[in-house]
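A.B. asks: Can you read through this structure? Questions will come right after.
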Amino acid sequence: QLTPSSFLRFGQLSNVDLNEDIHELETEVPRQRPNEIPHNEKLLSLKYESLDYDNSENQLFLEEERRINHAAFRTVEIKRWVICAMIGILTGLVACFIDIVVENLAGLKYRVVKDNIDKFTAKGGLSFSLLLWATLNASVVMVGSVIVAFIEPVAAGSGIPQIKCYLNGVKIPHVVRLKTLVIKVCGVILSVVGGLAVGKEGPMIHSGSVIAAGISQGRSTSLKRDFKIFEYFRRDTEKRDFVSAGAAAGVSAAFGAPVGGVLFSLEEGASFWNQFLTWRIFFASMISTFTLNSVLSVYHGNAWDLSSPGLINFGRFDSEKMGYTIQEIPIFIFMGVVGGILGALFNALNYWLTMFRIRYIHRPCLQVVEAMLVAAVTATVGFVMIYCSRDCQPIQGSSVAYPLQLFCADGEYNSMATTFFNTPEKSVVNLFHDPPGSYNPMTLGMFTLMYFFLACWTYGLTVSAGVFIPSLLIGAAWGRLFGISLSYLTKGSIWADPGKYALMGAAAQLGGIVRMTLSLTVIMMEATGNVTYGFPIMLVLMTAKIVGDYFVEGLYDMHIQLQSVPFLHWEAPVTSHSLTAREVMSTPVTCLRRIERVGTVVDILSDTSSNHNGFPVVESNPDTTQVAGLRGLILRSQLIVLLKHKVFVERANLSLVQRRLKLKDFRDAYPRFPPIQSIHVSQDERECMIDLSEFMNPSPYTVPQEASLPRVFKLFRALGLRHLVVVDNRNEVVGMVTRKDLARYRLGKEGLEELSLAQT
């Protein structure tokens, strides 16, 4: 099962010695080549745990809930609103910080390079300018890549796949830590300034989620500070709801699209949804956009004019000039098809590349070298294309920030330079709004081709970077090209305005790569500030999704699958009705008795081969005639807290006189429960008895073993469970269904396929 598939054998890498990385894999993998990590996408990793979205309703929990009166519930509700407001404000401020720093640093870099090029164009020796540009890019990217690769690898990429998994109920290590946020923000600034083909929009979603998780817990484990506020929210249920609010606030800060943010976290994220949550999430998104807007307006010097709602602003599209007619709808649908095909090509190329990276480029130093290589190549490609382009436009009346004259006549600038010599966001807006005739078709064609491959190579590097803006830029370039060729064909009719087609092309390309439908339509509508285009954008995105899904999955789903995460989709596989809970469940189950020896508990928890996280509790009568029926379910984390506080007695018939544990003791240990190895239990204490009845959840969800897989799946997914106990008709435990048992079954090309589980 684990032999590396034969489609990526690169023999020329055999001189690199990567022995030390393979040692932990030696047990299960026959050694093939010392420098290759075998990786197979038909695997599910066992290193990911689930979140406990479902509350454990034990006696402690019920007593606390009964003590809380109506007024106290009101304060909890007010606290929730306060937290959502804080999430919005902080996410907006982080977005402002990123935006302002990027603008200044990138401006500085472009000015230096522009002066250098102007100087050397006059007296020859432009290769020095190329060297300067490539060196600047590579060194900036090197810093950005080093902090990600060596300090916090989770901060790589856009973070959207990780947040998607988190909201789906998978605990990805370190994903919502403060350290991750700091590295993410610095990494994004450095990779955008370093001129890579990346955007700063995707990582905003991750940053918003980290902010939400941090604020709602009222303490930071990275800083070792506990602020003693919001203690009621220290459990997975509440934390996950706040994280979905944070993701929405991130989207709305990035695109100035609060409604799009809510729909994003509904479509991509939360598996559990209710009305109150929607309203709070919308509140957080609105606050986030407003904060960003007001701070940036003050920064730009017009404090009363709230004109920059998001990090990217597509600018206004006038409805009079830019309406569309009924005969254009087939054209839009055709653009959707092209976007779907190009998106599928992008994803397929990126898939091969990521497989290669997982196998060979898994050491941090190699990852940094690769990032620097990509940065230098990006600068070189840009330079060569500017150098070879003879596309000159008059400077009069054009709004170019850094016009490069190069070999053009006086008073003209090189129009290829505006696309490469700018941050990607500015280039997108230029492609949307520059008047017809600003770009030579040849320029656009070459640019699309080169940028497509650059963006594909860049996504998945060890830098924090989003894929939104590059895809919009590729799409806007070929869309504008399409519009220009249409007006050639129709002899310059008024309706073939290239800016409109640039917008549709951008939507088609982005939809073809990430395959979001509902939220993306609304985000594009809000970012352009025009409802007229709602219908064509929706058509384009639907077509792109249908066409793209025919070939290959969306980019984010593909990366989730490549990381072997047990991700549960909305529905069980269509053809899985033939399977029942008996075939799906894991057996044998480790059960505990209601009154159990401490030694037994310690041994079960220390057993590394099983490593279970939930244990059914059965009746502990020594009388064998009685059936050992299911009494409850207790979690590993609860048992660890019990052992840590030494809640046990010498003999079973003694009552517990020590102080009773409160729910607060469990909350204080959350989210990093100590490992069992750190808890010392003496030989005498091993003989004591521990009574689990007030700590276990007395009403766990169960299914009979005849239940079909779709039924089990629906119950598990809708309630966000972590353990589902399978019982027979006498209420005896026969098995346990966890996330991995359900995620194993996936629809492949030939029908239902079962993935195997691996430790790596």
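Including glycine, each Cβ sits where the backbone N, Cα and C put it.
The domain 'CBS' feature in TrEMBL is assigned to 696-754. The transmembrane segment feature in TrEMBL is assigned to 81-102, 130-151, 181-199, 242-265, 277-299, 329-353, 442-461, 467-489, 501-525, 531-552.
Each of these features: where is it, how hidden is it, and who are its neighbours?
C.D. replies: Within the chain, the transmembrane segment (81-102) has long-range Cβ neighbours (under 8 A, six or more residues past its boundaries) at 181, 185, 188-189, 192-193, 200, 204, 207-208, 211-212, 215-216, 230, 233, 242, 245-246, 249-250, 253-254, 280-281, 283-292, 295-296, 299, 311, 423.
Residues 94, 97-98, 101-102, 105-106, 109, 136-138, 140-141, 143-145, 147-148, 151-152, 155-156, 159, 206-207, 210-211, 214, 312, 374-375, 378-379, 382, 423-425, 451, 454-455, 458-459, 461, 463-470, 472-473 of the same chain sit 6 or more residues outside the transmembrane segment (181-199) yet have a Cβ under 8 Å from a Cβ within it.
Here the transmembrane segment (242-265) has Cβ contacts under 8 Å with residues 83-84, 87-88, 91-92, 94-95, 163, 166-167, 176, 200-202, 204-213, 215-216, 233, 277-278, 280-282, 284-289, 291-293, 308-313, 468, 516, 518-520, 522-523, 525-527 of the same chain, all six or more residues outside its ends.
With a cut-off of 8 Å between Cβ atoms, the residues of this chain six or more beyond the transmembrane segment (277-299) that come close are 80-81, 84-85, 87-89, 91-93, 95-96, 99-100, 208, 212, 241, 244-246, 248-253, 256-259, 261-262, 265-266, 270, 305-311.
With a cut-off of 8 Å between Cβ atoms, the residues of this chain six or more beyond the transmembrane segment (442-461) that come close are 145, 156-157, 196-198, 342, 346, 349-350, 353-354, 357, 367, 370-371, 374, 377-378, 381, 385, 389, 391, 415-416, 419-420, 467, 470-471, 473-474, 477-478, 480-481, 484, 555, 559.
The list of residues near the transmembrane segment (501-525) in space but at least 6 beyond its ends in sequence, with Cβ under 8 angstroms from a Cβ of it, reads 251, 255, 257, 259-261, 263-264, 266-268, 314, 317, 332, 335-336, 338-344, 346-347, 428, 431-432, 467-468, 471-480, 482-483, 486, 531, 533-534, 536-538, 540-545, 547-549, 553-557.
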A.B. asks: List, by number or range, the same-chain residues at least 6 past the transmembrane segment (467-489) whose CB is under 8 A from its CB atoms?
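C.D. replies: Same-chain contacts beyond the flanks: 158, 197-202, 254, 312, 331, 335, 338-339, 342-343, 346, 419, 424-425, 427-428, 431-432, 436, 439, 441, 444-445, 447-448, 451-452, 454-455, 458-459, 496-510, 513-514, 555.
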A.B. asks: Taking DSSP states H, G and I as helix and E and B as strand, how many residues of the domain 'CBS' (696-754) are helix, strand and coil?
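C.D. replies: Secondary-structure breakdown of the domain 'CBS' (696-754): 16 helix, 24 strand, 19 coil.
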